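Sharing the features that TrEMBL gives for it:
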TRANSMEM  A:29-50  transmembrane segment
TRANSMEM  A:107-129  transmembrane segment
TRANSMEM  A:135-156  transmembrane segment
TRANSMEM  A:177-200  transmembrane segment
TRANSMEM  A:212-232  transmembrane segment
TRANSMEM  A:265-288  transmembrane segment
TRANSMEM  A:294-314  transmembrane segment
TRANSMEM  A:335-353  transmembrane segment
Amino acid sequence: MVGPLQSEVVLFPERIANLLGLSGTLGEIVGALIGAFIVGNIMLAMTGVAGPWAKRKITAAFTDRIAVDRIGPFGLLTIVTDSVRLLSKELIIPEGADRPSYDIAPLILPASALLGFSVIPMGSGIQLADPEAGLALVFAFASIASISLVMGGYASNNKYSLMGGLRAVAQNIAYEIPLIVTAMSVVVFAGSLQMSTIVAEQTSTLVSLGGISIPAWYAFVNPFAFVLFLVANMAEIGRNPFDIPEAPTEIVAGYQTEYSSVYFVLFYLGEFLHVFLGGAIMATIFLGGPAGPILPGFVWFVIKIWAFFLFTQWCRSALPRVRIDQLIEIGWKGMLVLSFANLVLTAIIVGVIA
Amino acid sequence: MSVELPDTTGVAEQSPEEIADLLGDLVIGREEHLNAPGFVIKPDTVVETLKRLRDDAGFDHLSCVTAQEYEDRFESIYHLTKFDDRTQEVSIVVPADKENPVSQSANEVFRTADWHEREAYDLVGINYDEHPDHRRILLPETWQGHPLGKDYDQDQPQVVPLREHQNPLLEDQQADNQSETMYLNIGPHHPATHGVLHIKAVLDGEQVVDLEPDIGYLHRCEEQMCQSSTYRYQIMPYPDRWDYISAGLLNEWAYARVAEDMADIEVPEYAQIIRTMGAELCRMAAHFLALGTFALDIYGDFTALFMYSIRDREKVQNILEDLTGQRLMFNYFRLGGVVWDLPEPREDFFENVRDFLDELPTALEEYHDMMTSNEILQMRTVGTGVLPPEVAKSYGATGPVARGSGVDYDLRRDDPYGYYENLDWDVVTEDGCDNYSRLLVRMREVEQSAKIVEQCIDLLEDWPEDERNIQANVPRTIKPDDDTEIYRAVEGAKGELGIYMRADGTEKPARFKIRSPCFSNLQTLPEMSNGEYVPDAIASLGSLDIVLGEVDR
């Protein structure tokens, strides 16, 4: 099953090195640095568009409003002014804050998300690394986020922050297991943890309907797993109806209550990066990665992760928030059981067919 | 075609003489208030008197406690009535010594007396014996003197350094290390307090062990301001500022009703219909906002539902602006009627209102689709914030809060005023006693209000042109006789909004006491929240729909 495709994959750093005419160790280092710089900036740029502008515009569309439209075409330059505004605010550090961890927490959140993107195949040859255990690695990176949240929540010396941090940990533990167990069912199909293989496995045709061939994306092959993963993913990244670690009307802003200025921006960035990372994981393991007709792969990849972002915003506008005990109950009693059932069923079916 | 009157056959009606017999030698004097007979009792027999009235005569609703100071004595008045028959009222007058004003607390009989007596102590200076929590409530702990007392020096500076007063930080606020609970200040600045409210919460993990609302941040001396204004014109603008969330006309009606009854003014029928229509439009606007802010508490941030409800409220606001010329502080009612007739051209106004009413069912359908039929919302609200009917009654909860607990009590029907008794509408009740029921009651009340407005529009449209009398003949100055006392209430957006007035022969009231529904409703919050999760306590607070302007006055 593991095709010869694998050996043909030329990773992004290598391409850059080739382009620059460098080879050997120097080529690897320079290529990796430039590649990481480009990927990181692509994601940060997307976050920059999503945070101060797209989020407002999307929510406004859902609620019959206009949102930002004063500066630049469609209010796009708000991104610039907002960045300046946020960065020029006073950085307030609460009395009794646990200093090193208070400062480190906002760095860990975006960093963990950016690390996750290193193994995501973004199409058009943009993939920084393609290790054998790519899928396991991306989940490992993504779950570092919880450490950041509990660090920020604890170090802020604020009861609301503490509650937010504790909620975040409880929630992430409850949903990480179903999330990964559901992803394992994809691994059972693909027979590999390597991202490029998982994507490649989805290129075959599932059925042909009137000349249009529907690809074997795992979302079509196993829609049940897709829905499970979607729900667990929403909880993992803490979006409505599971935005409990922040829960503005209950615990003010949860773990980020005390953060201002640059630290707040970092948290905010990190959250959006995690939303996009969640979308990227979904796209890769369920939606055929960067695959799609006509348009280049990278464009399809961006469309898919933005579609997921749109979905989170839709839920944010329309769905009430569940209570923390209900959330934990859904996680441990519902999602966990369903995800294991899904895994066992998938294993049996794959075993019987193959 | 009229509203169905409540079944009061099971409620015995007592004549003043029967009450006097029941109380026997507890009564040391008699008074006559315009709304009810008054019985004077000794300050140490309050509990016994109220207990007898509650248990043997069915006076189960302590609507209000008014405190005031005379030249020779202090006085607390307990305004009692019945949830089953609002027209039966009795006032229990408790004089207290001028030098050492002490009176027994009624807290044992009616839980609502707790806050009402604290307010009386705070503002007037009567001490209540056996009160479980005898502290100031509206003013800060450091306040010197009692502002509605006779000897209060209004020019006295109130900047009191903590060293001259008990230092609240002196006592160690930190729980010891062994403590299992956490103390949390919710507010005064918190996204879910709907104004400036401070809740002192003790948590065990995520669960509420104890919760205590701390109010008074928005106290603006409304009673004092009304006492220094004339009946005829100067008081009317103030009610708009009590419950300032669109409920202006409902509040104005509270003052209009009490002043008209005191001065014996008859309001023309045409003006009554306009008042009824305006008041119901206000109720709809207020309920829309209640709906939207409740959605904020459950959904978080600015969600679609909040904007939908603001959109519908905006339509009502536009109609009210056409009618009154204002969007928030209407000042539209006058004693004896309203300030002006419907806007010209009348056809356009009727058309606007009809358009709004026609669109309303679709809008409500939208709310039901997005809100009440949403499983997550039901999961969050059904069975949380439970307020049993007996507890609600004991705390004097009224309005949608009481009706959500199955207490069938609505002043528009039970103590008819305006044009309500000639119209066809229903009192909405739900038996769930939880957050969901209170939400449903508000949504269904919007439908009933729409029904009332529609009937008013029909009546106004056909009203003969030469009989459009919007104002009765009211003297330029009103000077009710000395010592006339009256307590009257109307159904505000949040419940029973009552006003007690005592005249002293001048053109300004000697005592003006506001019975705010939110004040009594907010008192039930600890009952609903203790043992629940923090998010549910927040949801319960939202479902109470308090306006701090009215709580603190």
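For all residues, glycine too, the Cβ spot is worked out from N, Cα and C.
Keep in mind that TrEMBL annotations are predicted by a computer and have not been checked by a curator.
Values in this document were obtained by computation on a predicted structure and should not be read as measured data.
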Which of A:177-200, A:212-232, A:265-288, A:335-353 has the most Cβ pairs closer than 8 Å to the transmembrane segment (A:294-314)?
A:265-288
Take the C-beta pairs under 8 A between the transmembrane segment (A:265-288) and each of A:29-50, A:107-129, A:177-200, A:212-232, A:335-353. Which stretch has the highest count?
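The stretch I would name here is A:107-129.
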For the transmembrane segment (A:29-50), what are the same-chain contacts with Cβ under 8 Å, counting residues 6+ beyond its ends?
11-17, 20, 22, 79, 83, 113-114, 117-118, 122, 126, 128, 269, 272-273, 275-276, 302, 305-306, 309
By a Cβ-Cβ criterion of under 8 Å, what residues six or more beyond either terminus of the transmembrane segment (A:212-232) are in contact with it?
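175, 178-179, 182-183, 185-186, 189-190, 201-206, 282, 285-288, 291, 335, 338-339, 342, 346.
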